[in-house]
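Presented below is the structure to which this report refers.
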């Protein structure tokens, strides 16, 4: 089974580890694995070198039996030690660089230097607060109250041919992506749907999981309260 097929199966939980924030990333990974996470995302918006990414991926794969996937915030965040990469295009950025400019450069880098990476083309749609990702990518986040706009972006992503849509409320967001927005996007997009940002309790995770996204991501929670990961994972599995 390749990574894309793995992502399509059911509703999975992935833990996002940002090496720029997480000095003790192995401790977080161990907590996540013990909690039953289905995969690890590695990446961040700022300050990560290629050598740092490679070492983090190598270390985590040494203790993990789940996919380790790159979630790159820049062109330096690539390594073929990972199982795959979310090849992100920030659809609601106001700067063409984050929609297609960086992707042109990244595509050449992957083809030349990381050909073993499984590439998952991903429409990255930033909503609500947007967090650091929204600020860095100069995005115009979709309001929480407009699931119809999010669905329109997802429909465009479907017609363009993206393999995945990632609804992002932002790192440490005050609110998660609302379930009704997840529902609207799920109806518009038939392939892999990923939801992340602001998911801080089992109750929230369960409400989102009931709308049948393929992946629910927690990051800040894993950094600040890793002992709560078990509650989140159980809620997703029981939804």
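Cβ atoms are placed via backbone N, Cα and C, with glycine included.
Over in Swiss-Prot, the protein carries these features:
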type	residues	note
BINDING	18, 45	Mg(2+) binding site
BINDING	166, 167, 168, 169, 170, 171, 172, 197, 198, 219, 220	sn-glycerol 1-phosphate binding site
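Residue 198 (sn-glycerol 1-phosphate binding site) and residue 18 (Mg(2+) binding site) have their C-alpha atoms 15 Å apart, to the nearest angstrom.
Residue 166 (sn-glycerol 1-phosphate binding site) sits 17 Å from residue 18 (Mg(2+) binding site), taking the CA atoms of both as reference points. Here the candidates are the binding-site residues 168, 170, 172, 220, and by Cα distance the one nearest residue 18 (Mg(2+) binding site) turns out to be 220.
Residue 166 (sn-glycerol 1-phosphate binding site) carries a strand DSSP state (E or B). Of the listed binding-site residues, namely 170, 172, 198, the sparsest Cβ surroundings within 10 Å are found at 172.
Secondary structure at residue 220 (sn-glycerol 1-phosphate binding site), as computed by DSSP, is helix. Neighbours of residue 166 (sn-glycerol 1-phosphate binding site), defined as other CB atoms within 10 A of its CB across all chains, total 27.
Our reading of the sn-glycerol 1-phosphate binding annotation (166, 167, 168, 169, 170, 171, 172, 197, 198, 219, 220) yields a largest Cα to Cα distance of 17 angstrom. Comparing the binding-site residues 18, 168, 220 on other C-beta atoms within 10 angstroms of each C-beta gives the minimum for 220.
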